[in-house]
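Notes to accompany the following structure.
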């Protein structure tokens, strides 16, 4: 059942005693005489991003002091102090907003909105075959008799790459992750679990064993959405802030290949603050894949998918079905860079370490591309170090002329490919022998053992979520 975007800002009713700070001196970041009075507790939440083009980017505490706030104030929800962007999120009223908009070293002052995940339910792992074949997949999406081709040994694809799943959280103990998944950031400081299932499913497709693409990559959970698959925009900015810091720490560590942020969610409109921090993270060397969205509309009309196309090194991903048709729910157009399997995708689920589920949506297409990006990065250090170069290589390797369906203007209709065409088979994951047995039984009975691991299928009926 489709869920629509919620564009209502998160309201906070917080009270505290405020001591007024001195009025800022003339020229202290202001381009007018607008200065605030004493901060008034409460108001709507706003995300504030500083202007990186200034010769000297101010510290967060300095800007907060101008509006009689400090980092410890209850109205200040987040502060962002990484190497590529600075800012904060706080509950403020109009007098503070007017003052911030008058500061030349503040680039964006944006009312926070709710973001939502892209989701779906259905079928089986036909997607891994489609991304590793030059020809269309034959059969039913609910079968599991497909072959995944790749270079190297199964379980090493994407090794050394850190994939940050910026989502509802990840059940890191799930059997498909084999100890490669860890908890990272949680906007909910009291609960880092995945209460929705969306993030666990996305992680399983990107890098899980059996169902995933880059089955050797590291998975780091960045929980910014709640158990309903929604959350305030500021939580996502805070999660990205954390990822930038982690990426900078990891760069000097042995065995590190590169970082990818996989983001299967969207805002109901274009958000300048989200776009700004995502582009800053990309400029810092972090690869980024985003879902194009499930509105059947132009991907350029919402964030973060509007960063696709020629707008940045961010990769925006649309959805196809097993017949190579562009999904009717998928956003399209010049901001949709590439397409991947997104309908009837089976992957890990959040309710137990052995439960799997079938979903559909651009949320399911996005992690297929995330996995291919990790696979390519592990094979080519130059691509791993350059998001723009990887995006160019990804689009060059993609299949042209394979897809059908109507799109918005400017869409190139490129289908993702890991470069394996099956003319030369170097290694493969084939659903035959014991795997074929458990897979076919899984479709029939919804429960089966594979070695010591028993999977329970929650549902084969797809429901689309955004």
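Cβ coordinates come from backbone N, Cα and C, glycine included.
Curation does not apply to TrEMBL; its annotations are automatic.
The signal peptide annotation in TrEMBL covers 1-20.
In the predicted model, the domain 'Peptidase S8/S53' (158-397) shows an average pLDDT of 95. The domain 'Peptidase S8/S53' annotation in TrEMBL covers 158-397.
Per TrEMBL, active site, charge relay system is recorded for 167 (among others).
What TrEMBL records for 198 (among others) is active site, charge relay system. All chains included, 32 other C-beta atoms sit within 10 angstroms of the C-beta of residue 198 (active site, charge relay system).
The active site, charge relay system feature in TrEMBL is assigned to 363 (among others).
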C-beta crowding around residue 363 (active site, charge relay system), within 10 angstroms: 36
